[in-house]
Amino acid sequence: MARKTPLNRYRNIGICAHVDAGKTTTTERILFYTGVSHKIGEVHDGAATMDWMEQEQERGITITSAATTTFWQGMDQQYDQHRINIIDTPGHVDFTIEVERSLRVLDGAVVVFCGSSGVEPQSETVWRQANKYEVPRIVFVNKMDRAGADFDSVCNQIRKRLGASVVPIQYNIGAEDNFKGVVDLIRMKAIFWNEEDMGMTYEEKDIPDDIKDRCDELREQMTEAAAEGSEELMEKYLEEGDLSNDEIKAGLRQQVLANEIVLGLCGSAFKNKGVQALLDAVIEFLPAPDEVKAIQGVLPDGETVEARKSSDDEPFSALAFKIATDPFVGSLTFIRVYSGVLNSGDSVLNSVREKKERVGRLLQMHANSREEIKEVLAGDIAACVGMKDVTTGDTLCDLKNPIVLERMEFPEPVISVAVEPKSKADQEKMGLALGRLAQEDPSFRVKTDEETGQTIISGMGELHLDILVDRMRREFKVEANIGAPQVAYRETFTRGADVDGKFVKQSGGRGQYGHVKVKFEPIDRDEEFQFEEQIHGGSVPKEYFGAVQKGIDEQLQAGVLAGYPILGVKATLYDGSYHEVDSNENAFRMAGALAVKNAAKEAGAVLLEPIMKVEAVTPEDYMGDVMGDLNRRRGIVQGMEDTMAGKIIRAEVPLSEMFGYATDLRSMSQGRASYSMEFLKYAEAPKNIADEVISGKKS
């Protein structure tokens, strides 16, 4: 089937922002103006179309990134029809994994900021992730009708705190209650949207006198930024002192695609002002799939790197970036197609797991409705029904042309809780539900505690686990009791050790005999366990090296102080002895494990605790209380800053001290302070804390 929309008219974009910047409302308005949804869903009423999980509507935050396809021809129908695939991303820090996944498969992003609170801590996280994946972006300063809204100030904050070169291509006419519309700095026209028909129509007028000078100044800066797009433009600009509107657009587009600049737009999604102009900017300045770098993958030999161009003629390759459980069709695998064509009914290879998968139905998703399609082409984002063994981050590709597209990296969980089913009936359902949730979300882990038999779930924060337990109840009808949160401590060796590990059982008949000499040394904690052997003269036969390594590795995972995995260790097997008859793999595995236990004292084993990077935003009146409280929690304040949103306090605080912080912070600031927290590093726990944890584990 021929393409309905040529590839150069595709835009795969994400809309990302801080929690309350108005991202879902902005997306809603986009759906409204592109004609997809007839009644605008308001987040305030818990009715937004993109937020389709019950919980999101209750909490008013977006948790799962729903993918939506819309079409747009411009405010004046001035373009050919473009197809815009939008991924709505969550802004809460416990869900950064979702944002990371989405950014991985996008070609461009719209970053929404609140006109009155500006750059908030979460915005920095999202910005860093977008930098990591080199995503070209434009900025939409929303809520210009709010008290304290100031477009210039937000642009300055983005320059200062995010280090981005912001070039405004619009300017606001009035602000707060007097916010009337925006000036298009390229055409130098003032645009006023009609409030009677929810902004569907608008009129253009001359720029109001009171902001004319400021607009001239900004246009000059914008033209200069556009001139840097190419040498020809720069020459013309230097000769004539100006560029045509088309040249300005071409120059700005070059600069945005090269990630040299970020364009600044403004409006109020809630008041229906500025969203259509934002859509025009998406078409005008964000890249089509064939304008971004071709995706690179590794061939089956594990070494050869190959690029796959965004074209229907290349072999099929796609990345599964999200797994979702849908109440009607079961498991949905969202894929971004990078190259080639896929028809429903085709078989593909999951090259990460080396398994063949058959594609059942293919669905084009709107936020909570779906249309069945027969094929997907390069550049498309769609959902497949009925995939068995696909996890987030897997590559799906042509059976004859296997390739592994780059893996996404997922952080290790930092917090765990025990969950117990309330009844026997819940027991079986719980296993199934947890398996499903873990498949959807790679930052969520499930394991069984071998000593207690309890099921332990781990995730990125309290809210993350709350929501997963809540989903278990709603979607899978599993009732469970939740234990107190547990911190994911780790252990490490602080110095080298040279030890024996000897496992001998000889009491007549076939015995067990394994003896090793191992040197342990600390390495960087972020590195994987390293194992070397330097056996000379066959004191330990070659066939037992693997068993020794396995024994050491297993004991490192099990820990020596309090049962937590040991990080940053290199082990060198350099000597030992064996018995012709009694030695076997098991004996050498046990000997390896004993070597780790014996090394604990000599190697100075210590307990490590996770340290979180905490950013609290508070009105000045409560600053003393918030600081004092962070100090009591063993926090080390790293710095403070004044912003539009209030004072920002940056601190490093042990995770174990942060439980219940959200509630405490609310009560000490009468609900006006907020915070974000993400994992920073592991650091040695103070002796009194370590002793408590170790004795707690052993009691």
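Each Cβ is built from the backbone N, Cα and C atoms, and glycine gets one as well.
According to Swiss-Prot, the GTP binding site annotation covers 17-24, 88-92, 142-145, on the basis of sequence analysis. In the three-state DSSP reading, Met144 (GTP binding site) counts as coil. A simple way to gauge crowding: the CB of Met144 (GTP binding site) has 29 other CB atoms within 10 angstroms, across all the protein chains here.
If you look up Swiss-Prot, you'll see 8-290 marked as domain 'tr-type G'.
Asp20 (GTP binding site) falls outside any helix or strand according to DSSP and counts as coil. Confidence across the domain 'tr-type G' (8-290), taken as the mean pLDDT and rounded to a whole number, stands at 84. The Cβ of Asp20 has fewer other Cβ atoms within 10 Å than any other of the binding-site residues Ala17, Asp20, Lys23, Thr89.
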